[in-house]
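Sequence annotations record features per position, and here TrEMBL assigns domain 'Cation-transporting P-type ATPase N-terminal' to 32-109. The transmembrane segment annotation in TrEMBL covers 81-109, 129-148, 361-385, 405-429, 849-870, 926-944, 964-982, 1002-1022, 1034-1055. Residues or ranges marked as compositional bias 'Basic residues' in TrEMBL: 281-293. Positions annotated as region 'Disordered' by TrEMBL: 281-346. Per TrEMBL, the feature compositional bias 'Polar residues' maps to 301-312. Annotation comment: TrEMBL describes 317-330 as compositional bias 'Basic and acidic residues'.
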Amino acid sequence: MATIEGRPAQYGITLKQLRDLMDHRGPEGIAKINELGGVQEICKKLYTSPSEGLSGSEVDIAHRRETFGSNSIPPKPPKTFLILVWEALQDATLIILEVAAIVSLALALYQPKDETDANVDESEESSGWIEAMAILLSVIVVVLVTAFNDYSKERQFRGLQSKIEGEHKFSVIRQGEVKQIPVSDIVVGDICQIKYGDLLPADGILIQSNDLKVDESSLTGESDHVKKGEKFDPMVLSGTHVMEGSGKMLVTAVGVNSQAGIIFTLLGAAVDQQEAELKKMKKEAKKMKKKKGSPGEEDNVTGNSHMNSPSPATVPHKKEPARKQEESAKENNVNTTEASKSHKKEKSVLQAKLTKLAIQIGYAGSTIAVLTVVILMTQFCIQTFVIEQMPWKVAYVNSFVRHVIIGVTVLVVAVPEGLPLAVTLSLAYSVKKMMKDNNLVRHLDACETMGNATAICSDKTGTLTTNRMTVVQSYICEQLCKTMPKFSDIPSQVGNLIIQGISVNCAYTSRIMPGDEGSDLPKQVGNKTECALLGFVLGLGKNYQTIRDDYPEETFTRVYTFNSVRKSMSTVIPRQGGGYRLYTKGASEIILNKCAFIYGHDGRLEKFTRDMQERLLKQVIEPMACDGLRTICIAFKDFVPGKAEINQVHIEKNEPHWDDEDNIVSNLTCLCVVGIEDPVRPEVPDAIRKCQRAGITVRMVTGDNVNTARSIATKCGIVKPNEDFLILEGKEFNRRIRDSSGEVQQHLLDKVWPKLRVLARSSPTDKYTLVKGIIDSNVSENREVVAVTGDGTNDGPALKKADVGFAMGIAGTDVAKEASDIILTDDNFSSIVKAVMWGRNVYDSIAKFLQFQLTVNVVAVIVAFIGACAVQDSPLKAVQMLWVNLIMDTLASLALATEMPTPDLLLRKPYGRTKPLISRTMMKNILGQAVYQLTVIFGLLFVGDRILDIEPGRGANATHGPTQHFTIIFNSFVMMTLFNEFNARKIHGQRNVFEGIFTNPIFYTIWFGTCLAQVVIVQYGKMAFSTKGLTLEQWLWCLFFGLGTLLWGQLVTTIPTRKLPKILS
């Protein structure tokens, strides 16, 4: 028999049995587990140990992957390059150009000898096919460039996705130690530790659990949280979220064999099937339409096809009861609809503005293109058939085709196809760079939305503070100690209770580890508040691990885990001598309210009166909070079978009713109050100053005591002395914003949020209400753009509601990360400021590109139009305009969309939602440069031949092949366009257009490359580009006109923007 590391290679349970097992829930699931011999027996069959886990050896892990599959779901294959080429070819204007070029080519190659146009000489005749081929080649270049950009964008997205997946790690037990491993490394047989906020990575069976509640809506559509436990429902499924509690599970199915994997596979098959059916039905509909000639037939068939084929979301769950399938289908339909809307509620600010602008430019371009064609054709017809009275010849079709090509080319130049490319390039470039600045962007539009942020609602712990917590003050037995007390100074009975209470009543996933090499500080793993308490135990000279070894989690009677409502955690353990002991820790005001006894001086037990409580609040807790400390109270309660002391509860043979939490966690005995320091990050005050200077209001939303929150907010600079601001607790906030029926009223909220700077003792619901209220408000001139930070499971709604949601990469739960747009990999507020800078940079990059492109648009379109009217031909030929289009679309978007951000970006206010994308300064630059370029081009067109002493290219001479006259016009236009690219780098009226030029190598590489290409085109392009080689003197004239744009730009900058009419923006 084959063996693996001394054990049989064949497992005692098959993949099919495990898959079938995970199809059952509740009592059915327990029965199925018992059929297989129980959880312990399944562990044996999988050669794993509930306490030690797997050995973790490479051979064992590889064999498990081979037998049970790996924990990954294969992604949908990306589109091939050829498909992307085909999609790029679907562009309407390119199709018109292709058709026109092919017709032109056909006519050039086939020309009846007896029908030769008298106006066209042999050289022009032979060049017809060259121009047609050049246009086709230009179209091919545009298509290939578009396809390549889409291909690289797809690769970038997939790289980003794999980066996000790689960041996702999970706690497993291997060789008896808890290890963090990537989710993709989890195999069947692993023992996973699960806790509040986790997104479960695989299917499994619970081995042990504490107060575990799971959100299974992603699989079943059931919105209520499902309670899980070994004795009543031990099945936990991949893709579901842990909303409360903790536990350990045995992994039984991974990847495509897990429930989420099965559904993904079915969805993929259903979508493919649906698409195939739709295509088939559309084909049939077209056939029927041709046969019957009925106009409504196709619509009917297509409309019903959705009803006939299954919706992807309603693919039934294997082996689910019929009723549950129906319910799941209904609810999943709702979920799918919501999911389709879930990520961004509306178009991002930039997208909305660009869409509006592109439509306006498109309309204007189409109108001028049509007019150009009509005028050219009318003039040709009048000249040929009325004035010259020539008979019709087939060769004239060529002239008409040429006119159509010029018109379509005007449209190609006018329509800003480069805009989406510029946006994509700028965002992709920024996202890549933002990773280095600790911002992992999950949704691309969040990057530019951040540039418009006007408000940030930030957590305190870990974002504004270091999240490295230590106990710095303690109050034990009426003694306030501002240094670490000695254990010998604490009455032994109280000291032992404190040590046991902290060790047992902190999640066992929280622990203190030796520091990294070169660091004196120990490593805090897990919840940082609990780590501070465990550090306090170590500081007292005791070892929490030995106590945990005496009380493994399996021996716990009950755990009431921490949540935002309880603001406390309680654990019930068996008591030596019989009965039970309850330990509680939590927010000091809340726990002290539940205390009836306290240990006084020398460890004497005393009744805890209302007066004593108020005195303790005023003399101990408030001063601690004013020092910026988080105060935690630790208390306990005994349940004894025999004679009970005054602070104990006597229990009969019946167990206490553990579900009656209010009664169980009451009449406690206070052991101590500790003050935990979480210092403000040294870089945060400066980051908040930058935000305020940039017109962004920072608000702190925290669950901490109001005094602690005020102290931290002052240290950070969120609140300043002599400022008119509000600091509210959650209760007071709700009292102010709700009416008598308890409903939130927007008009009441509008009175609170503008001055609110700190919301303390707040719940996640309060945070959501505040964010929604600010977004929905009409108080400010522009709608507020709100960014929110969150780390907890319950922060999900606020993160989703916000315009940009930031989740914490280190302290954040998986649920928070799933709901977010950007993950802060270092949990640091100053990284948000970098995100603002990158967001504004994206906005500015697009504005620079627009300023450049619109100048070229205006000039090229007017030249083509007036040229058509004045000289019956466009001075710029179709191929030349396609080359200019390539310069200004693809190459300029690359050059201008990759500028690095500068600190100056944070010296101005946000653009706002309603402010036009093209400012008055930009419009001044666009129109100013257009006036200069049009003056030069029309000057050259009408008098340039006399000034430069060359043959004119106008009128009859226009038919004699390329001329130096029109080549100079084309070359001067390109030179002015290229030099104007420097002017376009500045959009706020700055004079030094070369500032920072050498920080962007892409810009100057593209610029010099384009210049070189232009030289080649002019000197050697000949018939293909309708050019004739120029002399050195002529080149110098073209360069002179190009350099003139820089000097003219300085003159335009001098014109005061404020004197321009507002209608220009």
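Placed from the backbone N, Cα and C atoms, the Cβ positions cover glycine too.
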Determine which recorded stretch among 361-385, 849-870, 926-944 has the most C-beta pairs below 8 angstroms with the transmembrane segment (1034-1055).
926-944
Over the domain 'Cation-transporting P-type ATPase N-terminal' (32-109), what does the predicted model average in pLDDT?
83
Secondary structure composition of the domain 'Cation-transporting P-type ATPase N-terminal' (32-109) [DSSP: H/G/I, E/B, coil]
48 helix, 3 strand, 27 coil
Beyond the flanks of the transmembrane segment (405-429) by at least 6 residues, Cβ under 8 Å:
91, 93-94, 96-97, 100-101, 104, 135, 146, 149, 153, 156, 350-351, 354, 357-358, 361-362, 364-366, 368-370, 372-373, 376, 444-445, 447-448, 841-842, 845-846, 849-850, 853, 856-857, 860-861, 864-865, 868, 874, 877-878, 881-882, 884-885, 888-890, 892-894, 896-898
Positions on the same chain near the transmembrane segment (1002-1022), where near means CB under 8 A and six or more residues out:
883, 887, 891-892, 894-896, 898-899, 962, 967, 970-971, 974-975, 978, 981, 985, 1028-1030
Contact set, same chain, for the transmembrane segment (849-870): CB under 8 Å, 6 or more residues outside the stretch:
357, 361, 365, 368, 371-372, 375-376, 379, 406, 409-410, 413-414, 416, 418-419, 422, 876, 881, 884, 887-889, 892-893, 896-897, 917-918, 922, 925-927, 929-930, 933-934, 937-938, 941, 973, 977, 980-981, 984, 987
